[in-house]
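Student: The structure's right below; bear with me while I get my questions together.
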Amino acid sequence: MAPSLSPGPAALRRAPQLLLLLLAAECALAALLPAREATQFLRPRQRRAFQVFEEAKQGHLERECVEELCSREEAREVFENDPETDYFYPRYLDCINKYGSPYTKNSGFATCVQNLPDQCTPNPCDRKGTQACQDLMGNFFCLCKAGWGGRLCDKDVNECSQENGGCLQICHNKPGSFHCSCHSGFELSSDGRTCQDIDECADSEACGEARCKNLPGSYSCLCDEGFAYSSQEKACRDVDECLQGRCEQVCVNSPGSYTCHCDGRGGLKLSQDMDTCEDILPCVPFSVAKSVKSLYLGRMFSGTPVIRLRFKRLQPTRLVAEFDFRTFDPEGILLFAGGHQDSTWIVLALRAGRLELQLRYNGVGRVTSSGPVINHGMWQTISVEELARNLVIKVNRDAVMKIAVAGDLFQPERGLYHLNLTVGGIPFHEKDLVQPINPRLDGCMRSWNWLNGEDTTIQETVKVNTRMQCFSVTERGSFYPGSGFAFYSLDYMRTPLDVGTESTWEVEVVAHIRPAADTGVLFALWAPDLRAVPLSVALVDYHSTKKLKKQLVVLAVEHTALALMEIKVCDGQEHVVTVSLRDGEATLEVDGTRGQSEVSAAQLQERLAVLERHLRSPVLTFAGGLPDVPVTSAPVTAFYRGCMTLEVNRRLLDLDEAAYKHSDITAHSCPPVEPAAA
């Protein structure tokens, strides 16, 4: 057991410590720090305050417990507090057990005892997170680096949990620290916390062929309407809208766009949305009422008669025929009376607007013409009377022809006298006439009387068949009802007089129109071998490329519009459409105003070259419509409805001379527009 120390020397040893403690306390009170700094540095400052005592303590420890063997009470006198004593003394005994008593003079014992008061040896703090370890009275304090916490500085501080660590966008926590980053499309600013947009469009290759638009944090590659961006190819590729089923009927895709087509021949056109179809309806009312007491002579385009009568009499009988007649047609057959073509007969016809009589008696034929011009559209009464040796033709009761004849029209056969009478045609081919004539006659007959007898059979037939009836009121012109067409075989190539020079071509069209509907083909060329439409002029109620509803006249080669011109198609007035095409030139005019070209100069030359190639092969000229062609063959395939006269290459087209004409088209008469309601 260690010898006890006397009180006197111990008290003397504690006096300097007390004096230093009072001085240190005075200094600590004089220095005032902010709360945060005081918290961080309170423990280190306490450590420094005890530094003098620690040095003194180390000297006492050397004398009391290293050079000599000390008791717990003596150790308490060295440390002057229980915590450090409680920490020191058990370990002091461990040093004795390990190295022997102080009296063995083992250097390891001295080192072991001298290190026991420093609780930072060995360092209990986490090496990674600790800035310094501070020894305290029986304890220690770990001063943590920024970003670390906990008693041993081994706990990471999550700076991102408070106000996102001060980062504008993304905060990344990591052991002992953190860093800011930005979303895609942004880059970190020099302050390390805020973000600024990256202009991806500064790179010319960002979108390749497409237009680049910078966006906050991103960018977009833009294409024109009708195109979609391909990120793999970095290019704009056409969108096939037809695969999306946008059109009600026929869809045609084109680069950046598409067009819908409707069955024009079926009476349909594009509706307002340019995708669906609607009926083509009249926009101008025409006076198409018909008279049940009239007989239309032009119904049969073939020239065959509209009425055939056969009279049989027991006694010799003479022909008497009277009727009212109206026409604008200058040529055609009114009636035939007689036997077969090699026997006796007469034909009453019109030529150049005047009555003409062809007759054949006993194999001898004659032709005579006389009287006023009667194709003025007014009603007049015409009569044919067979006398003993004469034929008398009267107009409005005035005799215009009196012709001596040798024989009778009624011919005896098997005990009866026979007479064939046909109206609007002859019972044989017109080439067998005395003088050939176009038999087709757009004329109207009423109040007919044959052989002074009442003809109820014909009247009843006409009454129930509107196609045999005439319009109640007509004007000069040709009427297209919207249900058919006519066509001609015309040649548009011209060979110059100079031998050896190349042939040239020309297409000039003048159309006088008074439309009843806003859609329909006025004029067109058709190549039968290719089933193509080399040229067309038509009314249309929309602009195909602008997808805008507008009343227009369109001039096109095949499906490509060369020129467009606005027209007030539904005003009930007559308009003049003029078209001129030749090598290097294509013009369209409406009422003297030139239309707008829809193609470049190079495209025009290419289209005209296509037209010329077609003109060097057989083509047919169509009026009022097209044959059964694909709806994509031309901008318009619908039939025209309204009045129209056509002049082609300075020649007036006579529908009676067409190679074909729909029976509902009237060649030389047209109903007027109905007067506006009062």
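From the backbone N, Cα and C atoms, a Cβ is placed for every residue, glycine too.
Sharing the record's features from Swiss-Prot:
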DISULFID  CYS120-CYS133  disulfide bond
DISULFID  CYS144-CYS153  disulfide bond
DISULFID  CYS160-CYS171  disulfide bond
DISULFID  CYS167-CYS180  disulfide bond
DISULFID  CYS182-CYS195  disulfide bond
DISULFID  CYS201-CYS212  disulfide bond
DISULFID  CYS207-CYS221  disulfide bond
DISULFID  CYS223-CYS236  disulfide bond
DISULFID  CYS247-CYS260  disulfide bond
DISULFID  CYS262-CYS277  disulfide bond
DISULFID  CYS444-CYS470  disulfide bond
DISULFID  CYS643-CYS670  disulfide bond
DOMAIN    53-94  domain 'Gla'
DOMAIN    197-237  domain 'EGF-like 3'
DOMAIN    298-470  domain 'Laminin G-like 1'
DOMAIN    477-670  domain 'Laminin G-like 2'
CARBOHYD  ASN420  N-linked glycosylation site
MOD_RES   TYR640  phosphotyrosine
SIGNAL    1-30  signal peptide
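Describe the structural context of these features.
Tutor: Its Cβ taken as reference, CYS120 (disulfide bond) is surrounded by 16 other Cβ atoms within 10 Å in the chains shown.
A sphere of 10 angstroms centred on the C-beta of CYS153 (disulfide bond) encloses 22 other C-beta atoms.
In the three-state DSSP classification, CYS171 (disulfide bond) falls within a strand.
Less than 8 angstroms from the CB of CYS180 (disulfide bond) sit GLY165, GLY166, CYS167, LEU168, GLN169, ILE170, CYS171, HIS172, LEU188, GLY192, ARG193, each of them six or more residues away in the same chain. In the three-state DSSP assignment, the secondary structure recorded for CYS180 (disulfide bond) is strand.
Around CYS182 (disulfide bond), the same-chain residues six or more apart in sequence whose CB sits under 8 Å from its CB are LEU168, GLN169, ILE170, LEU188, CYS195, listed in sequence order.
Cβ environment of CYS201 (disulfide bond): CYS207, CYS212, LYS213, ASN214, TYR219 lie under 8 Å away, each six or more residues apart in the same chain.
Cβ neighbour count for CYS221 (disulfide bond) (all protein chains, 10 Å cutoff from its Cβ): 20.
A coil conformation is recorded for CYS223 (disulfide bond) in the three-state DSSP classification, outside any helix or strand. Note on CYS223 (disulfide bond): other Cβ atoms within 10 Å of its Cβ, all shown chains, come to 19.
Secondary structure at CYS260 (disulfide bond), taken from DSSP and collapsed to helix, strand or coil, is strand. There are 23 other Cβ atoms within 10 Å of the Cβ belonging to CYS260 (disulfide bond).
Take the CB of CYS277 (disulfide bond) and look out to 10 A: across all protein chains shown you find 20 other CB atoms.
DSSP gives CYS444 (disulfide bond) a strand state. Taking Cβ-Cβ distances under 8 Å and a sequence gap of 6 or more within the same chain, the neighbours of CYS444 (disulfide bond) are SER294, LEU295, TYR296, LEU297, PHE325, ARG326, THR327, CYS470, PHE471, THR474, SER669.
Counting only same-chain residues six or more apart in sequence, the Cβ atoms lying under 8 angstroms from the Cβ of CYS643 (disulfide bond) belong to GLU475, GLY477, SER478, PHE479, TYR480, ILE513, ARG514, GLU574, CYS670.
Residue counts for the domain 'Gla' (53-94) under DSSP, split into helix (H, G, I), strand (E, B) and coil, are 35 helix, 0 strand, 7 coil.
Across the domain 'EGF-like 3' (197-237), the model assigns an average pLDDT of 91.
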Student: Sort the residues of the domain 'EGF-like 3' (197-237) into helix, strand and coil with DSSP and give the three counts.
Tutor: 3 helix, 18 strand, 20 coil
Student: Per 10 Å Cβ neighbour count, which of the disulfide-bonded residues CYS133, CYS247, CYS670 ranks highest?
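Tutor: Buried the deepest by this measure is CYS670.
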Student: Would you count the other CB atoms within 10 A of the CB of CYS171 (disulfide bond), including those on all shown protein chains?
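Tutor: There are 20 such Cβ atoms around CYS171 (disulfide bond).
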